[in-house]
Amino acid sequence: MQLTSFTDYGLRALIYMASLPQGQMTSISQVTEVYGVSRNHMVKIINQLSRAGYVTAVRGKNGGIRLGKPAQSIRVGDVVRELEPLSLVNCSSDFCHITPACRLKQALSKAVQSFLMELDNYTLADLVEENQPLYKLLLVE
């Protein structure tokens, strides 16, 4: 299974924010600069993460974005569920004539659930805490 760039950059944005000192604000521009992604794309991602409570956005002169909850309470599997369309095949009867007898959808569904259950074993904190090489790459002190 390959994650969409939307989910990939959503996870990267959260990793960046989790690497900062707790509560420190950053900006969408800073995140886009670190990862080399378009600002418009990142704005859409941050908006969805904000609606889901993973990011807090503060407007104004001293505003910015930061994690909306502690890194240790954000499970990677939950973020993927929020951002990723998880339907691996199009099983509409108009599209596929074997849908009534097909067992592939069930097998793929079980595989996706196993994938997500494994990701649920990791929090953002697990990915960033005591990860000096990551801090160096992200230019975080």
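One-based numbering along the chain as shown.
For all residues, glycine too, the Cβ spot is worked out from N, Cα and C.
Feature annotation from Swiss-Prot assigns domain 'HTH rrf2-type' to 2-129.
Looking only at the DNA-binding region (28-51), the predicted model's pLDDT averages out at 96. Sequence annotations record features per position, and here Swiss-Prot assigns DNA-binding region to 28-51.
Summarising the annotation, Swiss-Prot assigns [2Fe-2S] cluster binding site to CYS91, CYS96, CYS102. Cβ contacts within 10 Å of CYS96 ([2Fe-2S] cluster binding site), excluding its own Cβ and spanning all protein chains shown: 14. CYS96 ([2Fe-2S] cluster binding site) falls outside any helix or strand according to DSSP and counts as coil.
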Inset, instruction - Please work out the helix, strand and coil residue numbers for the DNA-binding region (28-51) from the DSSP assignment. - result: 21 helix, 0 strand, 3 coil
